[in-house]
């Protein structure tokens, strides 16, 4: 399908006269409840709403002196007047209150802030039950924390989490960061925030907020203990506009039909309330929009901000295109991609000309002399030396008996088409094994400095959606030339070890190779082999296998790898690794309509773990190799420890709840999570909730250039608990891996040293980090989109849920069947009354239900953290919105669509960033 170029040629627009003196229908340009932000004009004279930015020179000097602080701006998606930047000292985030204080910066921008006087700092009520000071995070956990081989609907994908997890459902399969995808949930004692009542009276866009529940506090801060103050600041400069300045939303006519503005502009209302409302020229709008505005009430548009003046509540923008009807999957998906700056345009002719032109392509003869050919037969010594020589001198032997082919194969999701890793396992006469990880040699096909190289560097990552993938490289490379398809000769970069059955490394070899995979196993195939170690798997249940190998040989290789992987995994956790497994949703789609037919929680099994362990092993081995060769120029991946203050809040919460959780190290936390809970349903649900909470303090794993960090202790990967780590195993979908391949080739003498200064490499690393974060967010939004469609088409859906947090008039739940988190509001339930109190330090909400029969007594229900409840997810009238309603105690109902056969995405075996703050 051809997509228009996502980059629009934007022409600058002047500021319309009178913009600053005309407010939109709801004065949305100003912070809700922030009266100071309204544009008051004095005697017809326009007054600036926003401060003029400081000069570059003053900013630079302020940062050096420490009077200014820089950081990435996070705007709370549920309370868009609240924003934060991380504190440089790891303490509680710095609070930025309202649109005016944000000074036209958007979510994700790198900003410089100036602290306000202490009397203007945010007051946090010590006993407030609505504590969520750092609640502006959007699921930014390192993929290495969650697990690699997770599901992708009909596509190969991965999840990125630290060493603790695997790149799975979303974009990476590295469990390096130790945790999976999380969403905002307010938990008493974990996040400490007081909040202003939003102008729309809604806290998260789908539920009311009352003044009792969230209020802004104004009092004499001098009488307050230091702990109840949160440092507050204002934005004085935008260092880098990382937000795309694009938004999806709806067009409306201006309210004042008699104004000059009405004849020139329409009002664009973004779906994301963190983006301001935007004036767009009527000439950009459909021709009949002014005459028939209601015809476009449900039409989704893309708009780009081109300017935002100091004296205007609203930004100025240009309408880019009409996407289609809101609530439909493809228009919504295109909007998500555009908002997050994902380039989904077709590759240019200049890029495609960089690909091999003579097809079908075959390996050039000169490559055979430069590479180790793993397709050849090798001596296989199973006999003792005396018997071997006896046979050899008598001539009573067949040489083929002592030769064996490398049994190389891939294990991927059944629907995967971009196969970038293969495994091999050969038993040795001494009882050890020769194990190989073979990765597609993408760098061979991507000439350095070419147009293809430039576009791959810019895209930086493939983006995996529920229904499709936006590739980093042209499909000819992704699915054919580089993909390690079975029974086809391929160029690879390999790491080969001699391992004991316990996983101890006796020898290690790196080099360019040529392989021929004998079969393409799915995770289901490998799992069935693991679960049936002594039974022959019927040929009809297996994929085609090359005639040089038998299914028994492949089966035994999988069993041998599984045995070693179990030992590697056990040792990793003994050595202090962390894994935060979180619920991940997988869908089955209708082949004709593309709509979701069902969904289920993806099960992470032994076959996934097998691949993960060897991908982790390869990534760690390559990290050490390139760092030894280029200590100032290695592209590595670090995972910082959890944020100090948020971790302290979590420790306090666990103490209040009587949970014995050791947060002293990654390994201690992992041990607590695996040993604290039993195997019964209630214990497993509590573990899911606590795992979700533990993911919040985690930070994002980051690519970096080794030459720009002075302290080697900062190189460490917290979740994997290793000193050095990198990404080597997925070059088809990650540009960082392509750079690592080039560094490894230089370290092995295949090529000259990489012609990139450390600061240039760091800039590319920063860009890879940015695009990886955007990709993860897009993947999450795609999952949310499909689940919302499922609720709309198949709902209402019922499920058990566990309470995660209790507020005055609402409570948060983790819906166990679907892994989603929702807030349930008391005023949406058929209650006679409700009462909040604290029992000791634990919040408790008592619900008194209206009886269905007037002769019955009202039913009382007590809601506390870790309560198990029954909830109903039901669609709302607004497109793709759904809410959670608590079921009345004692009622029964169906549990939604039946589970469908799962489809999964591929993982590259390495735990991904489990944290991303």
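Any Cβ shown, glycine's included, is placed from N, Cα and C.
The Mg(2+) binding site annotation in TrEMBL covers 412, 421.
Summarising the annotation, TrEMBL assigns compositional bias 'Basic residues' to 37-46.
Annotation source TrEMBL lists compositional bias 'Acidic residues' at 899-917.
The domain 'RNB' annotation in TrEMBL covers 400-750.
As annotated by TrEMBL, region 'Disordered' applies to 1-46 (among others).
Residues annotated as region 'Disordered' in TrEMBL: 889-917 (among others).
Within 10 Å of the C-beta atom of residue 420 (site 'Important for catalytic activity') sit 28 other C-beta atoms, taking all shown protein chains into account. Marked as site 'Important for catalytic activity' by TrEMBL: 420.
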Over all shown protein chains, what is the count of other CB atoms within 10 A of the CB belonging to residue 421 (Mg(2+) binding site)?
27
I need the CA-to-CA distance for residue 420 (site 'Important for catalytic activity') versus residue 412 (Mg(2+) binding site), whole Å please.
10
Surrounding CB atoms that lie within 10 Å of the CB of residue 412 (Mg(2+) binding site), all protein chains:
27
